[in-house]
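Below: the structure, in structure tokens.
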Amino acid sequence: MGKRNNKILNQIYTQPLPVKVYGGLPTIFPHNPISWIYFGYVYIRVLREVGLEQTIEVEVEDRVFKVDREESMMILWRQGFFGKGNLSRSEPTWRERIKRLNEEELSNEDITKVRREERKRFKNERSKLQELELKQRQDIINPQEQLEMNALQKKLEEFKVNYDSKKIKPDVIIQDANLEYLQLQPVEVMFLKYLSAIKIFDNGLELTNEQLFQKCTGQHQDQITSSNQFILEYVVYHHFRSLGWCVRSGIKFGCDYLLYKRGPPFSHAEYGIYLMTGEKKWTDIQALTRVIGGVKKCFVLVYIDIPDLQQFNQALQTKNCSDLLKLYKVTPILYKRWVPSKTRD
């Protein structure tokens, strides 16, 4: 990636998280009245900016967390790479693609398909022209074939001239409506809620932290155990996010998470994360190692020390997420497949 592209990406993706930081307030000197005035000015300005901020709203529908406002979708993607467009590979770009389609600018795949069909017709007509030219050289061509040959020559010449400059017009006109939404993982929703960056609504009612926790774990608070799968997944997600990594789903490569240094637009993922929860078969781990190694990534096994039930219940009663996270210990281990032919030195 060139320096120019890096500069453009740095201008687009300026913040690592959808949290605005205003910096510290100026120092007050009791004997200097100007410092009091300046402090009041900065404080009021910050309060006004905080009041103008728009809250990102997340809707829950059939246990799927959705963000449908276009502005909110772009904030979550450009400030931390959260979620995935349901009609896109990752970044929610469906509306832009449809807009280009309406402006008579098809995607590369559509242009390639149309041009392949045109080249096929061109080759068929060219072969027919070559047969007629052969008849002409043998002096066995009739007047009707002569006229057909002249028409084919003219048609093929026009095709050569207009081939590169021809515009491909779509047959379908699509309404200006965004049908795409940003789908968030439960661990992403919990992390954003931990940062107070979003509000979650279910049938128009805002969910509390306790209600969101129960919805993500799939159990009532009295039935939640310290080895709940969602809690373990969130502990690992929170651990790597707090270390500055961009954490994305690793389902594409069969692992739990992928770690990016900054995000998908800047570079490929460097690590594939696999949670060692429950009983894992080493044959499955070996298969994953080959998959992760085939795409030039490092394979990391993550072990989680789970607290006993009494400590867990005590922390759960405090309703403090930080107290709960402190009970778990995350131990990542880099796993590498040893290949004798490549490691002889």
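Glycine residues also receive a Cβ, built from the backbone N, Cα and C atoms like all the rest.
TrEMBL entries are annotated by machine, without manual review.
Annotation source TrEMBL lists coiled coil at 115-169. The annotation domain 'tRNA intron endonuclease catalytic' is assigned in TrEMBL to 230-305. The active site annotation in TrEMBL covers Y260, H268, K297.
Features recorded in TrEMBL, as mapped to the structure shown.
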residue : record      : Cβ neighbours (10 Å)
Y260    : active site : 18
H268    : active site : 11
K297    : active site : 19
Can you tell me the CA-to-CA distance separating H268 (active site) and Y260 (active site), as a whole number of Å? 7
Can you tell me the CA-to-CA distance separating K297 (active site) and Y260 (active site), as a whole number of Å? 11
Taking every residue in the domain 'tRNA intron endonuclease catalytic' (230-305), what is their average pLDDT? 94
For the domain 'tRNA intron endonuclease catalytic' (230-305), DSSP counts of helix, strand and coil? 29 helix, 21 strand, 26 coil
